[in-house]
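Inspection log for the structure reproduced underneath, given as structure tokens.
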């Protein structure tokens, strides 16, 4: 063994030893992971994510993956010649769009992630299980309504978003059954819900992750994004903030665009029983491991 290889071995051992207190903290705890962004479409990054999810399972953590798929849906709609329209960051979903969204989310993406996890965990028999919120009526949903002011009359008008929904009830029993099984399963959830009348709805993946994390009383919810975390007015990373500070960031306008719904869902999750939510860069290799098993973490932690 060369000196360089030997030093690398000692460094690895040191890292593992330093991680021991954190491994014990998360032993048999549920961690909900919102997996999305452009990194999800990169095969090498997807393989690293799957391997890290398997490692979490083998270290005693109960990971639950909720995935998005906006860019993939947009590409499929473009191929089908269906135009996409967005209101407040939500895709207006008519019948044709809903059919494509469910096919992409519950079919292609969901099964691909579950398969990567199963391949990564093959030697230890860790298996990814792909589900949508329709399975076992895990996610009961209702239609989302939005209003906006008419520029001419300044009157609030209802905007029809089509088959865009929001969770009204979460039944976590099927997930809990998988997590407590003798086989090491990792549930992978597509953000599709169903109404009490049987209507299918497309739901924002951040919203689903927050609702599931609350129902499962998860210790952590990790929101993997394309940025380092939440930034302050000067563009610097905020390492930790309270729910009150997160609200203030929204109200002041410092948080804008896609960060607003992420913060809103993080606030909702914490207020519904999740110990803390972390927004972090999912493009960085092993970001989840650094966040959970090191002193300083890897993103912005939001707690009470």
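Glycine is treated like the rest: Cβ placed from N, Cα and C.
From a predicted model like this one, the values you see are computed outputs, not experimental measurements.
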The substrate site in Swiss-Prot includes 69, 70, 91. Which of 115, 154, 202 is also listed there? 202
Around the substrate site formed by 69, 70, 91, 202, which additional residues qualify by having Cβ within 8 Å of the site's Cβ center? 68, 73, 74, 93, 101, 104, 105, 191, 204, 205
In the structure shown, with every protein chain counted, which of the recorded positions 34, 91 has the densest set of Cβ atoms within 10 angstroms of its Cβ? 34
Rounding to whole Å, the Cα atoms of residue 91 (substrate binding site) and residue 34 (site 'Transition state stabilizer') are apart by 19
Taking only the recorded positions 34, 69, 70, 202, which one has a CA atom nearest to the CA atom of residue 262 (site 'Transition state stabilizer')? 34
How far apart, in Å, are the two Cα atoms that lie farthest from each other among 69, 70, 91, 202, the residues recorded as binding substrate? 12
